[in-house]
Amino acid sequence: MAALLRRFSRATLIPFAAQSNSSHSNLRLPFTAIAAISGGVSFLYYHSSPNLVHSQQTEQEESRNIALNPDKWIEFKLQDTARVSHNTQLFRFSFDPTQKLGLDIASCILTRAPLGQDAEGKPKFVVRPYTPISDSESKGHFDLLIKLYPEGKMSQHFASLKPGDVVEVKGPIEKLRYTPNMKKHIGMIAGGSGITPMLQVIEAILKNPDDKTQVSLLYANVSPDDILLKQKLDILATSHPNLKIFYTVDNPTKNWRGGAGYISKDMVVKGLPAPSDDTLILVCGPPGMMKQISGEKAKDWTQGEVSGILKEAGYTEQMVYKF
């Protein structure tokens, strides 16, 4: 268990290999569309467009090397766990070591667990989304960082798992489609386990030497002991000058050197990029924090209007994304 946490905290980032700019890279078609072509048209298509055929073959090969399925619940076996804080654990799940999970940046997965039966005797399930924090390119495993709530049906199910037990997973569910250098400066505001989608984006940026995006993170927690993955975050910030992190806690200790109290307008103005077309602010945290910082999502789970501190600081809806 301790070995898992040490390996995760000290994991190094491997730069992307140079990617090909082949002429057919933008010409991929769904397999179903190609299969629908019949007779002489099919013959002409395959024999007159070898680049498209090669692209389709590549897409088929890639789909076979992906562990996730967006339309089907897949069982993943728990490999190991590690305690990260007094109420948070790291869970590592394993799968075919030749496969990748198939996670886009930034996206989450759905997990489900049995919850008895309904009045008709049909099985009921509790379903919750989580954001894996392992490298999207990792093969054979993925990691979930989960806060264990006493009344949380899904988190308590995770707490009851032992190595060898399985969890059903579906996905990925895309949240924000990140592309390298899409903005010059990305600001992040995270609270508690809301760090998970931020870490996913941070690692995608830092492991790509062609991505010059500047990242500034404001990370709020109850106490210094509640700061999740601080060692890993500090290592990333020390080794990458384009990542700046400011921690703040509600209950600082005597030797605490970070901020004190909730995230304020002053922290936002001093610690995040100023409003502009080249700025994007990402926000993720508990409902009370979201309401104070950016406003909650709309009732239909769209982004909704920007309010709170970010609106006061001059950020518009085009500059803010709520996870």
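Cβ atoms here come from the backbone N, Cα and C positions, even for glycine.
A quick note: this is a predicted structure, and the numbers were derived from the prediction, not measured.
Feature annotations, courtesy of TrEMBL:
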BINDING   R128, P129, Y130, L145, K147, K153, M154, S155, T196  FAD binding site
DOMAIN    71-179  domain 'FAD-binding FR-type'
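Locations of recorded TrEMBL features on the structure.
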residue : record           : Cβ neighbours (10 Å)
R128    : FAD binding site : 17
Y130    : FAD binding site : 22
K147    : FAD binding site : 19
M154    : FAD binding site : 21
T196    : FAD binding site : 24
The domain 'FAD-binding FR-type' (71-179): DSSP-derived helix, strand, coil residue counts: 8 helix, 56 strand, 45 coil
Max pairwise CA distance, angstrom, over record-listed FAD binders R128, P129, Y130, L145, K147, K153, M154, S155, T196: 20
